[in-house]
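**Q** Dropping the structure in here first, questions after.
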Amino acid sequence: MAFTSLSPHLSLLTPPPNSPHRHHHHHTSLPLPHSKPCNSTTQSLNHALLRLSVRRRDALLARAVHASLSKSRDHPGNSLILSYLKLGLLSDAHKVLTNMSLPNVVSYTALLSHYAKSGREGEAIELFLRMRRAAVEPNEYTFVAILTACVRLLDWQLGAQVQSLALKAGYCGFTYVSNSFMAMYVRRGHVDAAVRVFEEMLNRDLASWNTVIAGMVKDSRYDEGFELFREMQRIEGFRVDRFTLSTLLAAAANSLASLEGREIHGHALRVGFESDLSVNNALMEFYANCGAVENVVALFERMPEKDVISWTTMLTGYMDFAMVQSAVKLFNEMPEKNCISYNSLLAGLCRNGEGLQAVNLFLGMIERGMEISDFTLTSIVNACAMLADMKQASRFMGLMASAQKMFGQWSYEQNQSMVWTSMLCGYARNGQADEAVSLFCTTLAEGDVVMDEVALTAVLGICGTLGFHVMGKQLHCYVIKSGFLSDVGVENATFSMYSKCGNMEDAVRCFDLMRKRDVVSWNSLITAYLLHRQGDNALAVWSRMENVGIEPDSITLALVISAFRHTTSNLVDTCRSLFFSMKSLYGIEATSEHYASLVSVLGYWGCYDEAEELITNMPFKPDAYVWRALLDCCRLRSHARLGRVVAKQLLAIEPQDPSSYILLSNLYAASGRWHCSDRVRKEMKQKGLQKHPSRSWVIHQNKVHSFYARDKTHPETKDIYSGLDILVLQCLKTGYTPDTTFVLHEVEEHQKTDFLYYHSAKLALTYGILMTKPGRPVRVTKNILLCGDCHTFFKHASSVTGREICLRDSSGFHCFKNGKCSCGDYW
């Protein structure tokens, strides 16, 4: 009988009404075999020999005893079954059961339990149905065994009928039967049903508490899990075990519940679990999430016993704190390495942007003949995406093109969910939006991939990056229907998607409806307001975050400092105070990102001298990130003198970065120093440096319509160019004057004007106007900063068309309406 066809035979759960066995063994006492008494001396000898065979792991002795008794009707059948099972000889035990003239509940239950526990759940269910056909009444141990099989097979229909049978037979009062019911409900996701069983239990053991606590943690109801733990502690003489502590520590790690985690740590020490391996591993995971790396290292070094999980957790902890070299050193010191060790290091390198090291490690894994799993493929595809602009990547493969080929080869051989997700992320990171959307739509239509939390998070992120609002909303509906709203990562991705698509109303609504929030949630909301240049709202979130007691991380503080650039009034003093109190108030050292954020704020509000002084007095050498922040402010305020000084510093650090030359050239042009601007452009040309291609796109009819400067590849090119020419004429009439300083090509002045007219953003805008109904907003997304000429053009276009134009570039959102922009012309 196939496993999937067992449930239709549930009528067999009810024994024949006239069966002589119908009322036998209703209670829990384990009956003796139905056999005639044999000679007591012989029987004792046989039992002794069977015990000896088990003790010595001697299968031949057990079979010899069996053979000597095979001709006798009076032989210890149950003892033989139990002996064979202890020796791992399930087929021999099954033969004994089959040949018994009248097997009883002990005979069936012993074999059934072993089937259920050894991965042969289907055979366990078949044996249970056979037992019912033989009219042998199950006992409490039978119910535990068959429910175990139902849970492992996810056969909820049979499990429910077994529960009904147990209720009728009066076995629900037995603690371990109720525990099995709870385990079934928890595995099915019906935690409230498990809680009802728990509350109705007259007698609870440790397994009862552990099961319901595990259910709460699985359902992300961490506070209720912690409360159950405290209730346990109030029971006199009741002790937790390693499973209780490990489960609760996992809850504390997942919910960033620092106080509760430390409380559980203290309890573990008081009750003698300071040397327990599994508890210490769980503690390391907790402190990696909620503490400092010093806590994890101290715990690791004190552990008297370590296993691969311990080493891997320490390695992952180093990676989480961006201590890549420490992680690599630890990996080299590991006494034993396996696939888990390699994959953990590989994933950590990818998370920290070390794509080249990741590729080299992967090549080493292949040379050593190590197993390559979906997890490995996920990491290496991400590594290749990171190296898209590096020649070294060719050592491994032709980047995303080869990754796509690998994906096609593996798609029919392996579980593709993880690799598929990585391909999506790789395409998104490389700016290959069309490929990402195409892969998603094609694979989903073919039904090859199941959408899990990781895939949903990745695709929602892509929708946000592209500004693909319609698809993002459809995914949100899928999230709700599929029950993924309990996953914090998916919820974070959902409201971030809305904010990046320009829909702050739904973004805030999603955030407010979240049952659980982590520090990433709060950081994402602050980021959303910064994207919309709403500094005051971002600071309001920061105040709310402090009021509810959420500890900020380094990213939080960098974001909050940046928010002071977008406030309606000058709050530099408050910003400065926060920056210099980071260490004392929050234990966070200022990094390059924090300095760059403060420099940006100071420069925006005109405090250039202070910004220079801040950089001069930095405790470490300022990197390009800091200098670029100051140069960008010089561009905004046309501060040419300081800009020249900053540009020299920046070009000394990154002489091959074209964006620095462009910034400096635009700065000179904005201050009227045309010859200096031309000199910078010539130097850029001599060095063979090219500007990063500007790309703008519009979403129409669930497709991404992309444009480059002077692009004529779109099927509607003729209409787009005709429409743009008309729009330019209308804008010229309202005062628009092309600013040719934004043309980096050495051509005649009239040619520069032509270049300006057909910038990618203008082409995308025109297509958006043509494809949307009159009066409807037009949404455009651009991969880099919007140039000044396009910004001016968009303001005029919003007036002459009477349209609201919403554009998102690398600096954030620009909302053009009635000739004005929400950025106040500072971006």
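Using N, Cα and C of the backbone, Cβ positions are placed for all residues, glycine too.
Remember, TrEMBL labels are computer predictions, not curated facts.
Straight from TrEMBL, here's the annotation block:
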- 1-13: compositional bias 'Low complexity' (COMPBIAS)
- 1-41: region 'Disordered' (REGION)
- 104-138: repeat 'PPR' (REPEAT)
- 205-235: repeat 'PPR' (REPEAT)
- 307-337: repeat 'PPR' (REPEAT)
- 338-372: repeat 'PPR' (REPEAT)
- 416-450: repeat 'PPR' (REPEAT)
- 518-552: repeat 'PPR' (REPEAT)
- 657-691: repeat 'PPR' (REPEAT)
- 735-827: domain 'DYW' (DOMAIN)
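Burial and contacts for the listed features, if you can.
**A** Sorting each residue of the repeat 'PPR' (104-138) by its DSSP state yields 26 helix, 0 strand, 9 coil.
Assigned with DSSP, the residues of the repeat 'PPR' (205-235) fall into helix, strand and coil as follows: 25 helix, 0 strand, 6 coil.
Note on the repeat 'PPR' (307-337): residues 277, 280-281, 284-285, 287-289, 292-293, 296-297, 300, 344-345, 347-349, 351-352, 354, 357 of its chain, located 6 or more positions outside it, place their CB under 8 angstroms from a CB of the stretch.
Note on the repeat 'PPR' (416-450): mean pLDDT across this stretch is 66.
Within the chain carrying the repeat 'PPR' (518-552), a Cβ under 8 angstroms from the stretch's Cβ atoms is held by residues 255-256, 258, 488-489, 491-492, 495-496, 499-500, 502, 504, 507-508, 511, 559-560, 562-568, 586, 588, 808, 812-813, 822-823, all 6 or more beyond its ends.
Broken down by DSSP into helix, strand and coil, the repeat 'PPR' (657-691) contains 26 helix, 0 strand, 9 coil.
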**Q** Looking only at the repeat 'PPR' (518-552), what are its DSSP counts of helix, strand and coil residues?
**A** 26 helix, 0 strand, 9 coil
**Q** Checking distant contacts: for the repeat 'PPR' (205-235), what same-chain residues at least six beyond its ends satisfy Cβ-Cβ under 8 A?
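**A** Counting only partners 6 or more residues beyond its ends, the repeat 'PPR' (205-235) has Cβ contacts under 8 Å with 175-176, 178-179, 182-183, 185-186, 189, 191, 194-195, 198, 241, 243-244, 247-248, 250-252, 254-255, 257, 260, 264, 267, 486-488, 515-516.
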**Q** Pull the DSSP breakdown for the repeat 'PPR' (338-372) and write it out as helix, strand, coil residue counts.
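**A** The counts are 26 helix, 0 strand, 9 coil.
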